[in-house]
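Visitor: Got a structure for you, questions after.
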Amino acid sequence: MSVDAAYLSPSLPASIGNEADATPAPRGALGRRLAVLALRQGSLAVFIGVLVYFSIAAPFFLSVDNIGNVLGQSAIAGVLAIGLTVVIIAGGSNVVTGGIDLSLASNMGLSAAVYASLVQAGQGDAVAIICALGTGLLIGAVNAAAITLAGIVPLLATLAVMNVVAGLELVLTLNTVIPASTEFLATVSATGPFGIPVLAYLLLGFTALVAAVVQYTPLGLRLYAVGEFPEAARAAGLRVKLFISGAFLASGLCGGLAGILSVSYLSGSTTGAGDMLLPVVVTALLGTVFSRRLVPTIGGTLLATLFVSFLINGFQLLNISSTLVSGVQGLLILLVVSATTLLQRKGNQ
Amino acid sequence: MAQSSFKAPSFTVSVRGLARYALVAVFVVVFAIFSAIAPAFLSGANLLSVLVNNFALLAIVAIAMTFAVAAGGIDLSVGTAIDFASFAFVSLVLAGQPIPLAILGGLVGASLVGLFNAILISGVGISPFLATLGTLFVGRSAQQLLTNGGNPVYLPPSSVPEAFRFLGHGGIAGIPVPFVVAFGVIAGAYLILSHTRFGRVVLATGIQASVVRYSGIALSRYTAATYVLVSAIAAVAGLIVTSTVTVYIPSSGNAFLLNAIGATFIGTTLDPHGRPNIPGTVLGVLLLSIVANGLLLSGLNFYWQQVATGLLIFSVLAIGFANRKAASRA
Amino acid sequence: MATSVKWYETDDIISLSAIVKRFGGAQALCGASLSVKRGTVHGLVGQNGAGKSTLIKLLAGLHEADEGEIEIDGIAYTGLSPQKVEHLGIHFIHQDRLLVPTFTVGEALFLGREPRIAGTPFLDRKLMRQKSADILDRYFGLRLPNSALIDELTAAEKQIVQITRALLDNPKVLVFDEPTATLVRREAELLFKLIRRLRDEGITILYISHYLSEIVDLCDTVTVLRNGRDVATLPVRETSAKEIGALMVNRDIAELYPKPKIAQGSPFLELEGLGLANRYADVSLTLHRGEVLGLTGLVGSGAKELLRTLFGLETATSGAVVVEGDTVFPASPAAAAAKRLALVPEDRRRDGVALDLSVTENTTLASLDHFSRAGLLDRGAERRKASELIERLQIKTDSVGALVRTLSGGNQQKVAIAKWLSRRSEIYLLDEPSVGVDIAAKVEIYTLIGELAQRGAGIIVLSSDIDELLGITDRVLVFFRGRIIREFISTKTRPDQVLAELTGANETLRHVG
């Protein structure tokens, strides 16, 4: 009773307290929500606007053939970006101390080289597939061990692994193209139903599979908890290091898969896989803008991948130098990150 | 969130001491191995060529990176700064401007990159990794726009002044100019990081930024200056590389990025407290350079170089971090 | 499960007896006992440093006791881990809420025990949503939008989600650690109702709070800790906030506070109607040269925010700050420091000293200008200054080059002060200067404060240790809900008088009685 009396007393020197009472906290949350909505819808609007512009300026853009092709071309980058997204989810959004896998692109290069070399050596597709995926997984395992056991920050650990892996690829291929053609590879790079490349189906199927796990199972939910608030995850009884290791293994596997796809797409292993790294990083980070909570999601990453691919495609169709794409990517990432940073700053006030 | 860790000081120091020996020991072992298996390695001519060809440029870029890392950040756009310096330099020389002005132009061009980073990091508050990643991408496009889609800009031999050639190929008292410049940069950077107010604030920022702010220091101004300085130092590498090869190739500066980061972090193991430091970075670069050179001379497949380099970075980091982990657990 | 076999039932669900705990040289607990009866709301009170948080951390399995026994449900345990404690049915509602900010309420509630759609590996989001909405509504009358994220909830709502998380495990004991610190009063009332209801449903509550009025209102029994010991355990019906307050403070320690007599000088720092939206309002005060002014108030009372404003970490929304007749506007710490203001912050290890910089580097960090010419540092001069201050403040360190991390809490605090002495600052804002500092170092810090005042500095000490405040200051201003509600002359005041104002106990008496 006495407390109630104190609290209700009108003569309390408590106008501040009353103000605090009268100002419901959700007001700030609402403002933030609106801003997030604007950011998300805005980026979707930009995405759609760009597509609409291209389809008006270059009628071929909207054809099934073209869309199928773009989807097929996105498959490799898409699989890599999805692998990276899993790592970012589990490691948290602080890229330096948290989730980053710089070895992904060279992982793809080495896995592709392993595949192509085995085919050259007369091995069948089954052996080659297993060895390529195994290569990817092994790289993921090394990353996981370096990060969770040796305690090296992911940025540096995966940087060093990247060097080793890229070097091994050079050793294996002597920096040359290793051609590889098998029935399986031909099937993967062929055109499937409705005149759309098989690679496009693979990308969509793979995205759906990973999205199902990451966005719709308890495992995925826990992965987010581990990345965003490890203490809370620990308090909920989760073994944080196990999840982080798992994420790097998954990303390694994605590297291996991307390797197989690239052997198929390019009819062999080629050099320069490492060049894909930074665009993939940018794509995975861009994807966060498509999520309501401004977190990385598998669907968002797919959208970002497609956006970039359509941009390149549209520029090509319009005879605009596709070199602008990297600038657009850079500006987008800066805009997105600035917007989210400013949002968070505002949110903290 | 509150984590209480009680640390045993003496043990911490001794463990880090070991990690410190590790880098020197690795260096000595690597040096000894190459001397044994490749007699040419130890020759004066070879060592000089290591210093000029492998060491000088990477050392300058790695030192630039060391400042970013010392301030608790990273700069993925050092290559962009190199490119911008190179582009401005070449353009001014082609336009018939005197070399000193062209050099100044190169430094200014690179500093614009740094300024852009500074605004993003200290103005907007974006994390250095993301900000400089964005800069890297924007810079790549900007260069392609400036060069009609990425065409190299050559300096025809006729328009290359003597002073220009001197920068890339000349010598002072028999010592090649690139090495002299690198030495100058190293000495200057050491002075700045270890003996100036600016360097102290940068290091303190990297260690505990909030204390710097709570000490009444204008933190954001120092951070901004740091990123401009990083670009300006990287510009020097751009100027040297351009005068050596007499061509500007768009987006070629990125080649240094990963090794520069590697060398910087290898170097942190040299400091008793794991701080980024100039001697450590230099030792890191030296290690990477002699490994590259030694592998080449020892007749091993050229491509093993990168594997060996990666393994080397990996093991030094593993030792450093495992020790740090042990120390913080104690 | 652990509950299946019970060897015998006791009345006490938790019993900590004769607990001793040392951290390095500092004795945090020296024979503290706490027995909590099943089905009661048990209050635990004590001043900062009395040992409350250490005792709770021992119970939570975060620390191990050096001596003494912990019994839960009549069974003695050693080597408790947080998981084990939770398994035994004891759940903690922490001050820092362990909820993932970007999760929906349902996700946060069910993290780690998510329901699946039958026969599939998929999350049953619908069930999570319904179940959480149902529980929140039924227990707490709380209705949140389906899609609400943790980030968008108020502090109180977050707390309710955390309590609900614990309730899903059918806990036997809930431990609340300062639960109302971040709540506004309506929310607090809701919480009290809830706690009573949980008790009526058979859950035992251990309730830790600074608000004595809450303790009196809410608890069945209260244990008072002082200097690492339990000094009393009383049925609340037979006591009062005043009596509890009197038990919390020491009365026999005047010798701890060496306060020299100092003639006050001219007005040094004047605040005129200073205000910060939603934090504090209409703060006017004058600090004279040679004066030590005490501030106190609970978390959220505005006292801490006032110090932050003076040091340029917050920007006042009204009023003026005047230093020796000169109106200043501390817009940043750099600007404040330039006006000779110095802040020794409460979170010493985060803001006060850089743990991985050396003693010398920390000492000169705020005054690098004094040690550099044309930007070049004179390291010799730095070391000399550091040595001088080490001597003057009796900082115990291996060398001037030792990392501050290796120093004890008290010596770290001296370094945090030395930083400003080196800059020759004159207005010192000390935020909880003796938290985590052992007795000997405390006395040295108090002596130093006296010396500074004697040399003409002006000093503001913010502390929640009332004995300390009255011992070392000339005047004490009490903040309550954003305003200065009382001024005391330190020498003429008893600790319980201050405590009554600060905890709102007097408000209770004034308005009920």
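Here the Cβ of each residue, glycine as well, is placed from N, Cα and C on the backbone.
Take a look at what TrEMBL says about it:
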type	residues	note
TRANSMEM	A:42-64	transmembrane segment
TRANSMEM	A:70-90	transmembrane segment
TRANSMEM	A:102-121	transmembrane segment
TRANSMEM	A:127-149	transmembrane segment
TRANSMEM	A:156-178	transmembrane segment
TRANSMEM	A:198-221	transmembrane segment
TRANSMEM	A:242-266	transmembrane segment
TRANSMEM	A:272-290	transmembrane segment
TRANSMEM	A:297-318	transmembrane segment
TRANSMEM	A:324-343	transmembrane segment
Visitor: What residues elsewhere in the chain lie close to the transmembrane segment (A:70-90), defined as a C-beta under 8 angstroms and at least 6 residues from its ends?
Guide: 98-101, 104-105, 108, 154, 196-200, 202-204, 206-207, 210, 214, 223-224, 226-227, 243-244, 246-248, 250-255, 257-258, 261-262, 265, 276, 279-281, 283-285, 287, 295-298, 300-302, 304-306, 308-310, 313
Visitor: Report the listed stretch (A:127-149, A:198-221, A:242-266, A:272-290, A:324-343) having the maximum count of Cβ pairs within less than 8 Å of the transmembrane segment (A:297-318).
Guide: A:272-290
Visitor: With pairs fewer than 6 apart in sequence excluded, do the transmembrane segment (A:156-178) and the transmembrane segment (A:102-121) have three or more C-beta pairs that lie under 8 Å?
Guide: yes
Visitor: With the transmembrane segment (A:242-266) as the reference, find which of A:42-64, A:198-221, A:272-290 contributes the most Cβ pairs under 8 Å.
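Guide: By the under-8 Å Cβ criterion, the transmembrane segment (A:242-266) pairs most with A:198-221.
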Visitor: Give the nonlocal contacts of the transmembrane segment (A:272-290) in its own chain as ranges (CB under 8 Å, at least six residues past its ends).
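Guide: Contacts of the transmembrane segment (A:272-290) (Cβ under 8 Å, skipping residues fewer than 6 from its ends): 39-40, 43-44, 76-77, 80-81, 84-85, 88, 93, 100, 102, 104-106, 108-110, 112, 162, 166, 169, 262, 296-297, 299-305, 307-308, 326, 329-330, 332-333, 336-337, 339-340.
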Visitor: Residue list, the transmembrane segment (A:156-178) vs rest of chain: Cβ under 8 Å, 6 or more residues beyond ends.
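Guide: For the transmembrane segment (A:156-178), the list is 100-103, 105-107, 109-110, 113-114, 116-117, 120, 139, 142-143, 146-147, 150, 268-271, 273-274, 277.
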